[in-house]
Amino acid sequence: MAATATMATSGSARKRLLKEEDMTKVEFETSEEVDVTPTFDTMGLREDLLRGIYAYGFEKPSAIQQRAIKQIIKGRDVIAQSQSGTGKTATFSISVLQCLDIQVRETQALILAPTRELAVQIQKGLLALGDYMNVQCHACIGGTNVGEDIRKLDYGQHVVAGTPGRVFDMIRRRSLRTRAIKMLVLDEADEMLNKGFKEQIYDVYRYLPPATQVVLISATLPHEILEMTNKFMTDPIRILVKRDELTLEGIKQFFVAVEREEWKFDTLCDLYDTLTITQAVIFCNTKRKVDWLTEKMREANFTVSSMHGDMPQKERESIMKEFRSGASRVLISTDVWARGLDVPQVSLIINYDLPNNRELYIHRIGRSGRYGRKGVAINFVKNDDIRILRDIEQYYSTQIDEMPMNVADLI
């Protein structure tokens, strides 16, 4: 892409041009010593990596890449905050690939992600960018065969991307050897360091060599996370976007007032034709609700697919494959989908339930406007949700209007 290099999956999306001025509006609250490197050619990257970057379809680094890649390559600990769809994944992937010694068939970089799908996507992106480097990269995730993990790790992997539980398990079994690890990347750190993953990350961290470089990347960095970074980062460089900038421009946000829960379903059915203009994701807060809504939609003869964390890994993979290819157009999901999964053609998000915490809101709707294309987010709001909606508006300094009749024209 000309203005932003974002880890996309379809060729056309990669080539999509963003206007130059779109990037200049992004304000960074950044450590003073961070300079801007405007092209990939001037970053001092190895030749075979540059080939991979251009072959992937990237042309010009995005704002976060212009600032972060050079610092990571220098060996600095980095806290990078950037909006969804601005190329965060490519930022650390390019940096990791640059720092590898390909002759040494040992794990030199470890990337932790909160979901299996995100870990697999990171692995695929690394293999694509490192296509000319002969890089070995394995996704170490729960729900897959442990024996296969052990076999792959014994063969030797330069980079391991994975979920904290399985990665720690592999370290404990001594299948994943940590002695050569130079860099730890925490992707979607706000989610990772939330209660569920905090302990596991510390467990993994204790096994790493003392001089390991730490890179932490996320869309939102609440205060308590910045406090935690003090524990395992040394004099980190900060590359931060002002929070006001965090709701993506180009995403129109609306609400539909529904007096009670039962009315949400009728509203969704009325909107179905609008949903299928491109592709849509519908978010519910619980797995049970996802299953219930999927069944109810199918009973009413609407075609939908669904995904949540309790489904077997294989099933989730095939659902994602269908959705990416466009074979399925409407996906009902829990927040497992909200983090970092690129499907360029999604331009409509529906919050059937408002998210349980306001941090999640940006992860959900930050999907629909990726690559600078316009997107629409529609929030179903019961009477007792009005307070939550106002809180979200205030938190992100944004405005959420009542949905107009002609919403289909906006997609």
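Glycine is treated like the rest: Cβ placed from N, Cα and C.
The feature ATP binding site is assigned by Swiss-Prot to K60, Q65, G85, T86, G87, K88, T89, A90, D342, R367, S368, G369, R370, Y371. In three-state terms derived from DSSP, T89 (ATP binding site) belongs to a helical segment.
Annotated domain 'Helicase ATP-binding' per Swiss-Prot: 69-239, in sequence order.
Among the features that Swiss-Prot reports, phosphoserine is placed at S10 (among others), with the record citing similarity to another entry.
According to Swiss-Prot, the phosphoserine annotation covers S12 (among others).
Taken from Swiss-Prot, the feature motif 'Q motif' applies to 38-66. DSSP assignment over the motif 'Q motif' (38-66) gives 17 helix, 0 strand, 12 coil.
For the motif 'DEAD box' (187-190), the model's pLDDT averages out at 87. The motif 'DEAD box' feature in Swiss-Prot is assigned to 187-190.
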Surrounding CB atoms that lie within 10 Å of the CB of T89 (ATP binding site), all protein chains: 26
